[in-house]
Structure formats: C-alpha cells, structure tokens
C-alpha cells in the first residue's frame with residue numbers, strides 16, 4: 001500500500017468513528033442494528049466491497065437493508081461476483097474491520113489483510129461496486145457512508161443503482177459479471193418475458209378453478225410492494241391487487257410482511273373478511289421472502305402456504321418437465337441428458353413436506369440452518385431447489401445442463417416444433433430465466449408460482465392440500481455456554497454433551513411421528529429446540545420435555 005492510499009484511508013475513516021461499546025458481527029444477513037449507530041460500519045463495508053472487487057477482478061454489490069426488521073433498524077451486506085452472499089472466508093475480516101477501534105487500527109488491519117490475500121491496488125481493473133438500498137428513511141445517509149468507504153480505495157467506482165429489492169441488486173451483480181445488461185429495466189424485462197413464455201406454454205384446458213385469476217399481495221409497506229406495482233403493468237395476467245405497497249402510509253414490516261404472516265399466522269393489516277378464500281401472498285420488507293396464505297372466516301387467522309409448499313410445487317413441476325423431456329419415443333438414446341434433480345432443506349422443514357417429497361421420488365438432502373449452506377448444496381445438482389419454511393429459496397441450474405437444454409430446445413424446434421418434448425424444454429429454459437438464480441427473490445418466485453398453478457389448473461386450495469403440516473413447537477433455553485453443545489448430521493444429532501441425544505431419543509419415542517432436535521443460537525447463549533408430532537398438544541409436550549433436558553444438561557442449574 002503506497003502512502004497516497006494510506007493517507008486517504010486515514011483521512012476518510014476519521015470522519016466515521018465507530019460507536020462506543022458496540023460489537024457487531026457479520027452473519028447470513030450481513031450487519032444489522034439500529035440505523036443510528038451504523039454509519040461507521042457501512043463506511044467500512046464500502047472499503048470491504050472495494051477490496052473484494054480488486055481481489056476477484058469482478059463487480060461486487062453492496063446492499064443497504066434490514067429486510068424484515070423494524071423500520072428504525074438498517075443493515076448492510078455484500079453480494080459476491082456470482083450474485084450470492086459474501087464468501088464465508090471473508091466474514092472474519094468483515095467483523096474485524098467493523099470493530100476496529102480507530103483509523104490507525106483500521107489501516108493496520110487492511111494492510112495485513114491485503115498482504116495475506118495478495119490484493120493489488122495498482123491492477124488493470126479498478127474496483128467497481130453496485131449500490132442499492134431499500135425504502136428505509138435512513139438509507140440515504142448510509143448510502144453516502146458506503147460511497148465514502150468505496151472512494152477511500154484509490155480508483156474505485158461506486159455505481160448507485162437506486163432504491164431496489166435485495167434480490168434485484170444480487171441479480172444485477174450476477175448479470176454484470178456474466179457480461180449481460182443489468183439495469184432494473186433489464187430485470188423487469190427478463191422476468192416478464194419469461195413469465196409470458198410460461199403462460200403461452202400452458203396446456204389447453206388448464207385454468208385456475210373457482211377462485212379465478214385474482215391474486216392479492218401484501219407488500220410489507222416496503223420496496224417489494226412498490227416494485228410489484230410497476231411490474232404487474234408488464235403482465236397480461238394474473239390480476240394482481242397490491243396492498244401495503246408503502247404508498248398508503250403504513251409502516252414497513254409493522255403488522256405486515258412475510259415474516260409476520262409466517263410467524264404469527266394471522267392476516268396482515270389491510271386484509272379482512274372480504275378476502276376469505278382468495279389467493280393471497282405476502283412479501284417481506286426487502287422482497288427476498290415469499291409466502292402464500294388463505295384468510296380464514298374467523299379470528300383473523302390464516303391457513304399458511306409456506307416455503308416448504310412452494311418448494312414442493314416447484315419440484316413437482318420441474319420433475320414433470322424432465323419426465324416429458326426424457327420420454328423415449330423414437331428418439332436416439334444419445335439425445336438424453338439424465339439431469340440430476342435435488343431438493344435441499346434444513347431440519348426446520350416440516351416433516352410432512354419431507355415425507356411428501358420423498359414419496360414423489362425426489363432426492364432430499366439436508367444442510368445446517370442458513371441460506372448459504374442451502375445454496376451451496378443446491379449448486380451441486382444439475383437442478384437444485386432449496387427453500388426455507390420462511391419463504392426464502394430459489395432454483396439453481398448448472399451451466400452444463402443449461403447449455404445442453406438450449407441445444408436440445410433448438411434441435412426439437414427444428415425437428416418437431418410444438419411437440420410435448422419441445423414445450424418441456426422451452427418451459428425449463430423459461431424457468432431458468434424467470435427464477436433468480438443468485439438469491440431468493442419474492443417477485444420472481446411469485447410469478448413462477450402463478451405460472452405453475454395455471455399450468456396445473458390448481459387453485460390455492462388444491463395446492464395447499466398436497467400434504468398436511470405436522471404441528472410443531474419452537475422453544476429457546478438459556479444456557480451457560482452455547483458452545484458446549486456440538487451437533488452433526490445437519491444439526492439434527494447432538495454429539496456433545498454425551499448422553500443428551502440418547503435422552504432426547506427416549507422422549508421422541510413416546511410420540512407418534514415425533515421428531516425433535518436442538519441447536520445452538522449463532523449469536524446468543526441460548527439453545528433452540530424444535531419439536532414435531534401428530535397433534536399440537538403432543539408437539540408442545542415433546543418440546544417442553546426436550547427443553548427440560550437441555551436445561552438439565554446445559555442450563556444454569558447444571559453448573560451448580
């Protein structure tokens with residue numbers, strides 16, 4: 001690092017002193033906190049993004065959002081060249097950078113890291129970072145702090161892409177690094193054109209029965225509602241009624257949004273008795289989560305159609321298209337591509353969904369909790385589908401499979417255009433363009449759900465009846481030291497302390513279809529308990545029994 005670069009870092013960082021007595025940690029969601037204490041952190045993440053760009057010789061993304069958190073919070077996270085999340089290898093450096101005590105300490109950390117990572121400041125490619133933010137009032141000032149951080153690396157370029165959903169920014173980073181056009185207009189055009197393609201390929205006679213073509217969407221008073229209001233004008237169908245778009249004066253994520261709907265299982269603000277039985281959906285604050293729901297006749301309750309059921313719908317459709325594509329007929333065997341289709345879940349997926357998927361002949365794998373683990377495992381398949389119950393998920397297609405699929409589609413178009421095989425190839429290509437392969441995206445997911453329901457001729461009632469969720473209970477137990485518990489098999493089995501898993505197994509055995517696991521929190525000294533059984537009373541009882549076991553082995557009473 002030359003003296004010019006060092007002086008610039010010292011000068012700019014002195015304008016952004018870190019908050020006293022606050023220690024921040026970069027997790028799956030990046031840094032999140034009350035917006036009033038984040039300027040220093042966002043400035044430093046700007047530096048991080050520029051360094052990541054220099055290291056990878058690629059465009060990097062920086063998104064300012066706190067997703068489903070309350071409006072007074074904000075956050076910041078990095079999108080890597082693939083459009084995915086920041087590589088886990090850099091997370092410790094992100095933590096150290098955010099918590100450096102003063103400018104000298106900050107520069108020392110950067111010098112050490114740059115040397116370790118062999119990053120060259122004088123390379124041919126200057127750092128380039130795309131910036132986005134959601135609709136939070138604090139976003140503007142934090143964006144300026146990010147720009148200052150990026151600009152403190154000599155030659156770095158910061159491109160403000162405006163107010164965006166988080167998935168839009170991830171999509172733009174991925175597109176730019178693939179040499180594609182990457183504006184918001186390009187994003188909307190790709191989604192709408194691939195959606196129209198799927199709708200044009202719907203089998204004759206398929207249409208959503210009884211509930212018609214109308215979809216009512218809760219936009220969480222956030223950026224997703226605002227963007228969907230514009231996107232729906234580019235579509236011929238379905239008829240989309242956007243509520244809580246943020247324009248009606250509601251508060252972001254307050255009594256609205258996918259996180260609220262999924263956890264509380266009650267109707268969001270703006271929905272009521274007139275919506276009973278209609279197809280409804282909810283986005284979260286930055287539009288990377290999606291759930292559907294039905295309003296029930298009383299008590300503001302809903303029937304939730306969560307990420308597990310979205311995954312099931314996607315998996316059934318993709319499996320059906322692959323089966324059509326690989327129908328033997330009179331074709332030569334060398335035209336086949338035996339695509340490997342995999343479904344990835346975490347232990348929090350409802351057991352009924354896993355059983356259903358396996359009964360459909362699908363390969364189901366489990367990873368530890370966290371989108372980064374799901375995404376990584378899904379990428380190992382030709383087609384990998386992952387979702388969390390909270391509505392965050394997507395479909396990944398391997399480059400090798402897509403190259404074959406495009407060639408096959410062209411071949412079938414010239415030989416047998418309009419055949420069922422050619423339509424199946426075109427549908428899968430359209431899905432690969434409609435779904436956001438960088439990250440979970442509520443807008444692209446919503447359009448894919450709508451297209452598949454039309455294709456199947458299913459109402460939301462038929463979709464929801466694929467399987468019945470098993471009742472479950474989630475609990476938290478305060479412990480002396482959460483690191484005392486060690487798990488294996490995607491967090492479903494306790495390895496340490498000895499004897500705890502055997503005790504849990506004994507409790508599970510008392511309940512029909514009982515299932516329970518425990519895992520340490522990533523941020524605080526608590527152990528999370530999940531329990532599932534055939535009735536709610538049984539799930540509650542199993543959860544409480546396992547919580548007592550955790551307290552006995554690891555709680556405050558165990559240390560006396």
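Start at 1 and count along the chain as shown; that gives each residue its number.
Just so you know, glycine gets a Cβ as well, placed from its N, Cα and C.
TrEMBL labels come from automatic prediction, so no person has curated them.
For residue 67 (active site, phosphoserine intermediate), applying a Cβ distance below 8 Å and a minimum sequence separation of six or more within one chain yields 29, 32, 75, 166, 259, 284, 285, 286, 288, 289. Taken from TrEMBL, the feature active site, phosphoserine intermediate covers 67.
Under the heading Mg(2+) binding site, TrEMBL lists 67, 284, 286, 288. Neighbours of residue 284 (Mg(2+) binding site), defined as other CB atoms within 10 A of its CB across all chains, total 32.
In the shown protein chains, 21 other C-beta atoms lie within 10 A of the C-beta of residue 390 (substrate binding site). For 388, 389, 390, 519, 520, 521, 522, 523, 528, the entry in TrEMBL reads substrate binding site.
Using a Cβ-Cβ cut-off under 8 Å and counting only residues 6 or more beyond its ends in the same chain, the domain 'Alpha-D-phosphohexomutase alpha/beta/alpha' (56-89) has close neighbours at 26, 28-36, 38, 41-42, 45-46, 48-50, 123, 125, 127-134, 136-139, 142-143, 146, 150, 164, 166, 169-177, 220, 251-254, 257-260, 284-286, 288-289, 371-372, 375, 437-439. Feature annotation from TrEMBL assigns domain 'Alpha-D-phosphohexomutase alpha/beta/alpha' to 56-89.
Taken from TrEMBL, the feature domain 'Phosphoacetylglucosamine mutase AMG1' covers 182-291 (among others). In the predicted model, the domain 'Phosphoacetylglucosamine mutase AMG1' (182-291) has a mean pLDDT of 92.
Here TrEMBL flags 306-458 (among others) as domain 'Phosphoacetylglucosamine mutase AMG1'.
The domain 'Alpha-D-phosphohexomutase C-terminal' annotation in TrEMBL covers 477-547.
When Cβ atoms from all protein chains are considered, those within 10 Å of residue 528 (substrate binding site) total 20, not counting its own. Just so you know, the Cβ of residue 520 (substrate binding site) picks up 20 other Cβ atoms within 10 Å once every protein chain is counted. Within 10 Å of the Cβ of residue 388 (substrate binding site) there are 23 other Cβ atoms, across all protein chains. Cβ crowding, taken as the number of other Cβ atoms within 10 Å, peaks at 286 among the binding-site residues 286, 288.
The Cβ of residue 522 (substrate binding site) has 27 as same-chain neighbours under 8 Å, each 6 or more residues away in sequence.
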